[in-house]
Amino acid sequence: MHVTNPSDKPQEPLMGCHENPDLERSVLMVVCLTTFVTPFMLSGINIALPHIQSTFASSAVALSWVTTSYLLATAVFLVPMGRLADMYGRWRFFLAGVVLFVVSSLGSGLAGSMSMLLAMRVVQGLGGAMIQCTGVAILACVFPPAFRGRAMGFQVASVYLGLSLGPFVGGWMTNMLGWRSVFLTGSAVGLYAFGLACVRLPREEDTTQGERFDLAGSVIYGLSLAGLVIGAPRLPGLSGWLLVMGGVAGLVVFIRMQKQGAFPVVNMRIFTGNRVFAFSNLAALIHYSGSYAVMFLLSLYLQYIKGMQAHTAGMILVCQPVFQAVLSPLAGRLSDRMEPGIIASVGMGMTALGLIGFAFLDEGFPLLAIMSILCFMGIGFALFSSPNMNAIMGSVTRKNYGLAAGISSTMRTLGMLVSMGTSTVLFAAMLGTAPIEPATYPIFLHTVRLCFLVFACMCAVGIIFSLVRGKIHG
């Protein structure tokens, strides 16, 4: 049996050469539109959670699952859906993902109970996973290597534009029209994207339908990842440790199955035989592990220590995603001309320096300094994100684009969970069950500084892995 080595030099795109700029622009518009609406709704719904609680009179635990159910479903389905998309057609799975997203968003907006809302959020997470793993893969197919980084830059910019606008637009819509309007608007935008995709997206047929799908491996992978996702926030409790250890054990079994299977969900040679892919994904995991909780920590600091209202704190925190959204296309374009690993390493270095700056937070830390560091880190995020994605997609064959996009998105999600889990563990160790109040502000500040110091160390280690990844140009 002949199996294509995932580490072989990537093939040139069969469609979307530079002689067809109209096709490239159309595909970029569709992918960026769908890439924008998913994080827009995620951040917009977070603002609407108190209103959802009032509607359904739900508990705080049930309310937390409005966000967790979506993230969990996305994380579990990313890699299997990427594999299936490579087998049966990325365009088909992209459209199916958009349809699921539209229908589930409509169902969420019309939900009559919390249980129905949570069920729709799971379906929405599945649709989001299908969009994430296929959108980037389609861009990699359409854009030739010399222009791929710029396309990835616009895609990354769309993500952070959605995250930036979500709290403001979603908050306004919630106050003026109710929380259901956020879901209904997302459904309308998704429907427009679906119509545009049907007309504009190319019908690529480079599939691998002769291969079988590893259902058993996918189930073990999903259950293992679910254990990690559900268990991490419960640390350091006993149930948290049991779920996390069960998840780790399941992943060990999954890896052994993938090494021995004829048609694995994840061909392990995509890691062992591809240095650029392996270290680029490891760098992404570390970068998000060391940076995702920044907004959470600063939000608490600004509201408790500085006494700000939530919307005022949000206006300060938006500095970072705005800078990243503006500069990501430029960073992606730069990675088409220079080695992405070098640019991404510089970006991670800037993130580490910003984290070190925040490790000196105290009651009198100037707001101008906070905003300056956030802008500095936004530049670092831009220099890391799109060049790193360009390196990942440029290191694999066309056959594995969907799988590569799914794995990279999973690394990002796991990094987010590690970041929040690290903060949770440190707060539990330092503060215990004590509330954040004036009497506990000193220990709270000490814990925040400790978190930033730990995150800075993570990024410092990540720079090493980023630098030794190897080259994709030349």
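Cβ atoms here come from the backbone N, Cα and C positions, even for glycine.
What TrEMBL says about a protein is an automatic prediction, not a curated fact.
Quick look at what TrEMBL annotates:
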type	residues	note
DOMAIN	27-474	domain 'Major facilitator superfamily (MFS) profile'
TRANSMEM	27-49	transmembrane segment
TRANSMEM	93-120	transmembrane segment
TRANSMEM	126-147	transmembrane segment
TRANSMEM	154-173	transmembrane segment
TRANSMEM	179-201	transmembrane segment
TRANSMEM	213-232	transmembrane segment
TRANSMEM	276-302	transmembrane segment
TRANSMEM	308-330	transmembrane segment
TRANSMEM	342-361	transmembrane segment
TRANSMEM	367-392	transmembrane segment
TRANSMEM	413-431	transmembrane segment
TRANSMEM	443-468	transmembrane segment
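In summary, the transmembrane segment (154-173) lies against the transmembrane segment (308-330): three or more C-beta pairs, each 6 or more positions apart in sequence, are under 8 Å. Among 27-49, 276-302, 367-392, 413-431, 443-468, 27-49 has the largest number of CB pairs under 8 A with the transmembrane segment (179-201).
No contact links the transmembrane segment (126-147) to the transmembrane segment (213-232), because fewer than 3 Cβ pairs that are 6 or more residues apart lie under 8 A.
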